[in-house]
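Engineer: One structure follows; several queries about it will come next.
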Amino acid sequence: MRPRTPLALAVAALLVLLGPPLLTSGSGEATGTQIPGLQFMVPNSPGGGYDITARTAAKNIEDEDLNNNVEVYNLDGAGGTVGLTALINDRGNEKLAMSMGLGVVGAQRTNDTDSRLSQTTPIARLTEEPDIVVVPKNSKYKTFNQLLKDWKARPGKMPVGGGSSPGGPDHLAPMLMAREAGITPKDVNYVPFDGGGELLASILGGKVAFGVSGVGEYLDQIKSGDLRVLAVTSPKPHPGLDAPTLKETGLDVEFTNWRGIVAPPGLSDADRDRLIKLFDRLHDSAAWRESLKKNGWTDAYMTGAKFGDFLDAQDKRVVSVLKELDL
Amino acid sequence: MTTLTKAPEDALPPEGRRSWLKEHSELGLCALLAVLGILVLTDALTMDDHFAQRGPVGPQAVPTVVGIALLLVAALLTADVLRGGKGEAETGEDVDLDTPAEWRTVLMLAGVFLGNAVLIGIVGFPISGALLFWGAAYVLGSRNLTRDPLIAAALSLATYVVFNNLLGVPLPGGPLMGVL
Amino acid sequence: MDSLTSLMDGFGTALTPINILWAAVGVLLGTAIGVLPGIGPAMAVALLLPVTYGLDPTAAFIMFAGIYYGGMFGGSTTSILLNTPGESAAVVAAMEGNPMAKSGRGSQALAAAAVGHFIGGIIGTCLLVALAPVVADLAVDIGAPDYFAIMVLAFIAVTSVLGKSRIRGFASLLIGLTLGLVGMDQMTGQQRLTFGSLHLSDGIDVIIVAVGLFAIGEALWVAAHLKSGGDGAIPVGRPWLDKKDLKRTWKPWLRGPVIGFPFGAIPAGGAEIPTFLSYVTEKRLSKHKDEWGKGAIEGVAGPESTASASAAGTLVSMLTLGLPTTAVAAVMLAAFQQYGIQPGPLLFEREPDLVWGLIASLFVGMVLLLVLNLPLAPVWAKLLRIPRPYLYAGIMFFAAVGAYAVSGEALDLFILLIIGLIGLAMRRYGLPVLPAVIGVILGPAAENQMRRALQISDGSLTGLVNSPFAVTVYAIVALILAWPWVRKLLPARRTEERAEERV
C-alpha cells in the first residue's frame, strides 16, 4: 500500500460524509412563516391535480416572500397511499406537508393499507371543484332527466366513463347519483380511464354513454360546443356554465371534489400553527387569488381541526359507498 | 453448441450424476418457469370475485392464461433440454465465452448492489453510492486503491448535488445531515 | 395555405435572437437532464418548469419544446451507450444501438439516432401543420376495440423477435407478461401479485424492467465472462456516418414518421409500441439480417425517427383537443394552465401567436438539436473509452441512481437486482431479452383495452369487433397468419419476397 492510499481513503470518506450537509441549506431556525427547508410532497405524478396545486402554492409562497424556498417533490403510487404512508412514517417532521384531496380518501380505503388520513395533522383545505356530467354534442340526451330515464331503465347498457379508478372522485360521483336515483350501484357500468386524455377521447367519440369529470378539465371543449354539460354536482350552479345542479334536476345529490394540505403526525402545536399561518397568509395573498382564477379553482379555505372533522365526514361517506359495492 | 457449461468441471473428477446436472443446468430455468406459473395461477385463483366486473373477462382471466402458458412452456423447454437442446449463451464484445464462468465475481457484484440497496436508507446516498461504484470496480478487477475511492466519492457526491440541490430530486444525505 | 401564412408568422416569433436562445438553452438542458438516469422527458419538463416562470409564455413554451426533444434525445444517448434507457421510448434503441457502441460504432449509432430524431421530428411537425385538425378528428374515433386490435397485431409482430429458439423466445415473452401483471388491476382495483406491498400496486415500471434486463443483466453477465486483458478501451471508431451507413439508414428514417406520427396522435398511443413496430418492420425489410442483434444501424435509425415523430403526433392531440396522450403532454398541459392558457379546440383561434410560435420553434429546436448533438456524438462515444471496470461499475451506479431517484424507495433497487438476475439467467440460457420487455409494455395495455371494450359493450363479445378499424386490423392479422399456407398454393418464388415486405 502506498502512503498516498490512506490519505485518498480519508479524503473520499470526508467528501461523502461532510459534502452533503455542507452543500445543502435547509438548517436554521424557523421565524414567522419562514420555515427553512420546507418541502411539499406530491403523492401523484407530475402534471396531476395534486401536483399542480402543490407547485402553484409553492410558487405563490415564494413570490410573496412568505417562505424563501419551498421544494416540491413527487412520491407517486397507489392513488396517493404510498405518499400518505411515507408522510405518516415521517412523524414529527415540521418541514414537510403533503398536497392531497378526495382521491386519497378513497385510495386509503381501496388499497390494502393501514395508513389513514386521520393519523396526519390536518392543515388546510384549499380549493374545491364540482364534477360535471357531460355528453358529446351529437348525443341524443339534451337534459339530465332524459339521460337518467334511460340510465335507470338499463344501467348495464349505459357505460359511464370516469378518470379515476374505483374509489376515486369520478367513480364516487356517479355511484352517489345512482344510489339516489334508485339504481343499484353494483349495476352501474363504470369504465375507468387512465387520466383525462383517453377519457375525453372516449366521450367525444361516443364510446361511453356519458362521462363524469372535474369541471376544470374540459372547460374549453364545453365552450367550443364539442361537449354538452347536463348537470353539475355542486350545491350551487357553476359560474360560466349553463347547466343545472343535480338538485335542480330533482336528484338530491351534492358532491364536490376538493384539495388540501396535510402534515405528518406528531407535530407540536407551535409547528402546526406555523404551517397553518403560512397557508393563511398564502390564502390572503393577491398571487393566490390570481392563481385560483387562472386555474378555475373555487376557493374553499378551511383550516386545522375544522378541516380534520371534514376529513372524517368525507371518509365516512366514501366508506358508505364502497360498502354497498362490497369493496 | 457452446462449451461454457463443460468448462468448469475440467478440474473435477468425472462424476456422472453431477456432470449430467451441470450439463443440464438449464432444467433449473424450467423449474423456475414452472414455479412462476404456479405462483401466477395461485394468485389468480385466490382472487375474490369483483363487483365492477362485466362480461366474461375479469381480473383473473389473463393471469390464468399466462400461468397455464408458463407451465406449458416450462414443460416444452424441459423436453427440449432432455432431448439435448441448449440455449445459446449470449455473446458480446466484452464477453469471452471460452473461459470458464466466474460465478464468484457475479455473486460479489450482485452482493455489492444488494449492499447499496440495504445501506442507502441507513448511511445515505453519497456513502452507499460511493461504495457501490468502488465495490463494483474492485470486483471487476480495478485495484487502484488511491484513485478508485476518490473517483467513487467524487462521482457519488456530484450525483447527489445534481439531483438533490440542482434538480430538487431528494436523495438521503447521510448521518451528518442536520447535525452540521 | 392559411396554416402556411400562420406558420410564417410563427417563424417570425420563433426566429428572434432571444427566442432562438431559449430554444437552444432548452435543447441543451433537455439533453443534459435526459442523459441523467431515471429522468425521462416528462420529469425533465416538470423539473425545469420553475426555470421558465420568469419568462413570457411564448418564450417558455419554445424552451419546453427544446427540453422535450432534447430530453428524448438524451434518453436515447444513455440507451445506446450504456444500455440504460432513460425513458420507455428509448428502450428499443438499445437493442441495436448498444451492440454498435460496444463494437466501436458508438458515434455512428448516435449520429443515426440524432439524424433520425431530426428527420422524424421535421416530418412529424410538417404533418402536424398540414393535418392537425383531420388527425385530431380521427384520433377521437379510435376506441378500446381498435387499440386491442393493434395490440394483437403487435403480439403477432413479437414472433419475429423470438430468436433462434422459439420456445425460449416464448419463455422470455411470458416472463415479461408475468412482470406486467404485477400491480393493481386498473379496471377493478384488484391487487395482483403484489404480495401485500403497497409500492408494487402501481406495477413495475417498464424502465426498471428494461434497465434491469439490459444494464444490470449485462453487467453481471460480463462479470462472469470478462475478457482477460479486457482493460483495453473500446475503440471509438470513425466519427461520421459513411456512404454505406447512409444507404442503409435513409429509408428507415423516412419510414419512421409513417408509423410514429399516427400513434403519437391517438390517445393511448405513446411511443413504445410504434418504436417496437418500427424495429420489427426494419428487421423484416433489412438486407443485412445477419447483423441484427449485433448492431444493425437500421435498428437505431428507424425506431428513433419513429419516437421523434410520435412526439410531434402527441402535440397534435394536445394542441387541438387539449388531450394529453403522454406524460410529457400532461406536464406541458399543466404548464399551459400555469400561464392561464387552456389548450383545447379553441387554442388555435385564441392564441395563434403562441401556437404558431411554438410549432415554428419545434422546427428551430430540431435544427438546433441536430447542430448541437451531431458534433457531440463522437464526444459522447468517447465515454466508452474509460476502462471496463469503471464502465460497468458506472453502469451499475447509474442504474441504481435512476431506479432510486424516481420514487426514493429502496424496494426498487431490490426489484432491479432481481430483474437483473433474471436477465443474467436469460443471457446464460439463450433467452432473448426483447420479448420480455415487449411483454411488459404490451401485456397490461392489451388486457386493459380488451376488458374496457368488453365492459363498454356490457360483456358482449361483439364489443371487440364493432368498429371498421378493428375489423380491418384483424383482417390483416388473419392474412399474416394465413400467409404461409397461401404461399404454398402459389407457385412463383417472386411472391415470397413480396410477402416478406408486406409483413
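Here the Cβ of each residue, glycine as well, is placed from N, Cα and C on the backbone.
Keep in mind that TrEMBL annotations are predicted by a computer and have not been checked by a curator.
Quick caveat, the model's predicted, so the values are computed rather than measured.
Below are the features listed in TrEMBL for this protein:
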DOMAIN    B:30-172  domain 'DUF1468'
TRANSMEM  B:27-45  transmembrane segment
TRANSMEM  B:65-85  transmembrane segment
TRANSMEM  B:106-137  transmembrane segment
TRANSMEM  B:149-167  transmembrane segment
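I would like each feature placed in context: is it buried or exposed, what are its neighbours, and how far apart are things?
Structural biologist: Helix, strand and coil content of the domain 'DUF1468' (B:30-172), in residues and according to DSSP, is 94 helix, 1 strand, 48 coil.
Residues 21, 60, 63-64, 66-71, 73-75, 77-78, 81 of the same chain lie 6 or more positions beyond the ends of the transmembrane segment (B:27-45) yet place their CB under 8 Å from a CB of it.
For the transmembrane segment (B:149-167), the residues of the chain that approach it from at least six positions outside its boundaries are 125-127, 129-131, 133-134, 137, 173, judged by C-beta separation under 8 angstroms.
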Engineer: Kindly state the mean pLDDT of the domain 'DUF1468' (B:30-172) in the predicted structure.
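Structural biologist: A mean pLDDT of 85 is what the predicted model shows over the domain 'DUF1468' (B:30-172).
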